[in-house]
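Written out below as structure tokens is the structure these notes cover.
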Amino acid sequence: MFYPVIKNIAFNFDPERIHDLTISSLSKIGSGPLSFLISQHIPEHAVEVMGLKFKNPIGLAAGLDKNGECIDAFSKMGFGFLEVGTVTPKAQPGNPKPRLFRIKDAEAIINRMGFNNKGVDNLIANVIKSNYDGILGINIGKNKDTPLEKGKDDYISCLKKVYDYASYVTVNISSPNTPNLRDLQYGQAFDDLIESLKMEQMNLNEESGKYVPLVIKIAPDVNEDYISSISKVLIKNKVDGVIATNTTIDKSLIEGLDFSNEEGGLSGRPLLDKSNKIISRFYMELKDEIPIIGVGGIDGSVSAKQKIQSGAKLVQLYSSFIYQGPSVLKSVIKAF
Ligand SMILES: Cc1cc2nc3c(=O)[nH]c(=O)nc-3n(C[C@H](O)[C@H](O)[C@H](O)COP(=O)(O)O)c2cc1C
């Protein structure tokens, strides 16, 4: 209701300052007496995926609430599930600013944030503080100063820490903004990472008696051969889910528009078709053996339906939330 007015003002200011201001406001409003201002009812559409029960299939994608500061606020807006992070073992500042750009004409965003976050312990403290009892994904990554060959240790250490607090854990190896991170998506490094994480998941399952699904988040900048080869690894290791996709480094999708030459990952409307193609291809390989969470360019019921038709069982969004506000959920739910 208020969002178009807020947006008209906010879009005159630096995107990251507005983001920080929004997060700090929502963190205060979320569990206080003013939370009715941000609450909305989204019709129930229960689904069961990865053994988890979702009240609706629309999730908040990772990166908007990196430190889990606004869990109560986002849940009141009606999301069926929330994914917080990416979080790394230690706090880190991320890349130099400016690092976040709005491409308004395309309802798109370029970001090169670089996993700015307050560290995994801080995120866990925020999860404990929240009153949320719905599905919570925790998205984990590696610190920038951890050498790639030691990257696995960062993922294992985050997995151990978040395991008891997450409904599912997402392994983010697809951000374009941590140098060489995407190398972990390939060959022996990928096999080794997935095998080790699965082994750790089994240990943690045994210790705690709770099974927390392990999900891998994939980049859209990959080819068909890649998808068929890593699908085999995912199936062999019984990975529980795939999130497709992260942002793209393909700027030809916004050629000629403001900020199109900025380094970083592109998200929003221009990503839709590219990420749908990746989902379709994964679906050919994974069928119903490993569910796909579809993300990239969802801005309403038509694009959400396309994601489902491509093979996704659940959807997530980020950029359209920035452009349309919480009401985007009301149009996306019409796809189901
Ligand atoms: C500013 C910004 C920061 C992001 N940070 C993360 C992140 O920390 N971890 C992650 O897995 N994805 C991150 N993403 C990617 C989103 O989760 C999502 O995969 C991508 O934006 C495509 O969805 P959309 O088109 O609905 O925005 C980020 C996206 C944006 C725009």
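Every residue gets a Cβ built from N, Cα and C, even glycine.
Predicted, not measured: the structure shown is a model, and the values here were computed from it.
According to TrEMBL, the protein has these features:
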type: DOMAIN; residues: 46-334; note: domain 'Dihydroorotate dehydrogenase catalytic'
type: BINDING; residues: A62, G63, L64, D65, K66, T86, N139, N172, K217, T245, G268, G297, Y318, S319; note: FMN binding site
type: BINDING; residues: K66, N111, R112, M113, G114, F115, N172, N177, N246, T247; note: substrate binding site
type: ACT_SITE; residues: S175; note: active site, nucleophile
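Locations of recorded TrEMBL features on the structure.
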residue : record                   : Cβ contacts under 8 Å, 6 or more apart
A62     : FMN binding site         : E83, V84, G85, T86, G137, N139, T170, N172, K217, Q316, Y318
L64     : FMN binding site         : F74, Y318, F321
R112    : substrate binding site   : N95, R99, L100, P176, N177, E262, E263, G264, G265
S175    : active site, nucleophile : T86, F115, G141, L181, R182, N246, T247, G265
G268    : FMN binding site         : I103, A106, E107, A108, I109, G297, D299, S319, S320, Y323
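Ranked by Cβ neighbours within 10 A across all protein chains shown, the binding-site residues K66, K217 are led by K217.
The Cβ of G114 (substrate binding site) has Q92, G94, N95, R99, K144, N177, T178 as same-chain neighbours under 8 Å, each 6 or more residues away in sequence. If you take every residue in the domain 'Dihydroorotate dehydrogenase catalytic' (46-334) and average the pLDDT, you get 96. Within the set of binding-site residues R112, G114, N172, N246, N172, N246 have a CB atom less than 6 Å from some atom of ligand 1.
When other Cβ atoms within 10 Å of the Cβ of N246 (substrate binding site) are tallied across all protein chains shown, the result is 27.
Look at A62 (FMN binding site): DSSP puts it in coil. Binding residues for FMN (A62, G63, L64, D65, K66, T86, N139, N172, K217, T245, G268, G297, Y318, S319) extend across at most 20 Å, taking the greatest CA-CA distance.
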